[in-house]
């Protein structure tokens with residue numbers, strides 16, 4: 001039976017005796033609205049750790065003023081079922097006041113190119129909010145391992161850097177993108193899509209795969225790979241491209257004319273009012 | 001015998017088995033140049049914990065471009081003796097490269113009035129550097145308790161806020177100001193003072209005590225208390241006042257006309273080229 005707690009104190013009271021027994025703890029930080037993509041993270045954690053904690057917190061500080069914080073789906077009852085089904089043990093669902101106890105915030109911020117490219121360009125405060133809330137969760141849970149989806153590829157790179165710079169004593173585990181049969185990357189924001197938009201959005205995965213094929217067949221020209229991706233996405237008339245960009249891994253370093261393996265090819269595209277992201281590693 | 005280590009890996013290798021045995025760990029973060037003020041922190045930690053770790057690191061990110069980073073005294077051999085004499089067990093003396101592994105920094109920053117008043121006005125990046133390096137040390141050592149001197153009163157308030165906001169699982173212990181017989185607050189920067197300056201600088205402690213007496217005898221007028229302090233300091237001809245300010249505790253909240261107990265009365269004053277700080281709690 002999954003236990004659901006809402007305060008740091010309750011959570012620590014549960015974890016303390018378990019840790020004293022030497023149990024390992026996996027943390028899966030989420031914003032709730034759990035779907036089968038999250039379930040793969042939770043079930044991987046549950047296989048690799050004695051205890052799995054899933055945090056469910058729609059973090060206000062990672063949303064910009066014109067973003068979908070209020071509209072973001074909140075489905076705690078269903079989330080508890082997903083966690084149970086995937087083998088999780090504890091859901092930590094705090095209030096914003098619990099996570100942000102002071103009026104003036106303490107921020108954790110990763111600086112440099114890594115937070116300025118891709119989503120960082122149009123979402124300037126997003127990664128500061130992510131780094132801050134994830135740091136808090138790390139300090140609250142002190143997990144052995146923490147699980148993040150490759151779907152949020154830039155988030156993964158930012159958090160890897162943060163873990164290294166701040167000496168968090170844990171292993172960050174990156175889980176591959178979960179996709180629907182159609183190829184559409186699973187996302188809580190897919191619930192915003194109409195049937196038509198959902199069908200059109202499958203072009204993202206198709207475009208990324210086309211680029212990967214081209215790269216694998218010997219095309220390492222940056223501009224050409226970007227163009228192949230853009231052209232394919234534009235074959236959907238309702239696709240409104242925010243970016244199609246490619247950076248070197250690890251750390252999202254700037255590429256010159258040629259793509260070095262491994263590199264991240266990432267896209268953000270609007271279908272109607274819904275902004276979707278997807279990515280693939282060229283290697 | 002005190003052990004001195006220079007890398008995070010060595011330190012963790014030593015601490016891991018001790019923690020597995022359930023030993024408590026006290027952390028005393030310092031910039032070295034240890035004096036009897038530091039010794040009181042170390043000996044308090046050694047009484048309250050199984051193991052005491054003293055970090056010795058002149059943290060570059062808390063010095064402004066025109067401050068004394070290069071000139072700051074570095075006396076590791078003597079520091080080891082002070083730590084040994086005070087009952088410390090391990091000295092952690094990392095290089096800047098060890099503590100800041102990436103070119104682009106990850107920062108921890110406490111925002112709001114608390115970092116803008118007092119020293120925050122003339123040292124705008126100082127507390128960001130302090131919060132960042134102390135967060136790293138907390139993550140590296142994961143201490144049971146961490147010890148800081150009341151001498152750096154604003155630092156104490158900033159770190160209390162940070163510990164609360166970021167959910168560091170430790171107790172922050174504040175140790176009273178250690179003073180020379182003359183009343184001069186002990187500081188690594190006192191070594192910069194000439195004999196004459198050192199003698200004149202005793203006016204700081206005298207002025208703070210005068211203000212406390214006045215407050216205790218019923219004077220809670222903010223302006224009057226500030227003026228009493230300033231006038232006494234100005235009785236030294238070489239004293240160059242940077243600030244004499246008073247804020248409410250905890251959190252350094254702004255006072256209106258009247259001083260509420262407890263409040264912090266704090267001063268920063270130059271004697272020659274040396275900037276000294278001192279403070280007293282009005283309660």
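Note that Cβ sites are derived from N, Cα and C of the backbone, with glycine treated the same way.
Values in this document were obtained by computation on a predicted structure and should not be read as measured data.
Pulled from TrEMBL, these are the features on record:
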type: ACT_SITE; residues: A:38; note: active site, proton donor
type: BINDING; residues: A:31-38, A:149-152, A:178, A:186-189; note: ATP binding site
type: BINDING; residues: A:62, A:155; note: (R)-pantoate binding site
type: BINDING; residues: A:62; note: beta-alanine binding site
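Residues near residue A:155 ((R)-pantoate binding site) in space but far in sequence (CB under 8 A, at least 6 apart, same chain), listed by position: A:127, A:130, A:148. Reduced to three states, the DSSP call for residue A:31 (ATP binding site) is coil. Looking at residue A:37 (ATP binding site) and residue A:62 ((R)-pantoate binding site), their Cα atoms lie 21 Å from each other. Counting only residues at least six positions away in the same chain, the Cβ atoms of A:156, A:174, A:175, A:176, A:177, A:279, A:281 sit under 8 Å from the Cβ of residue A:150 (ATP binding site). The candidate set comprises the binding-site residues A:31, A:34. Of these, A:34 has the most other Cβ atoms within 10 Å.
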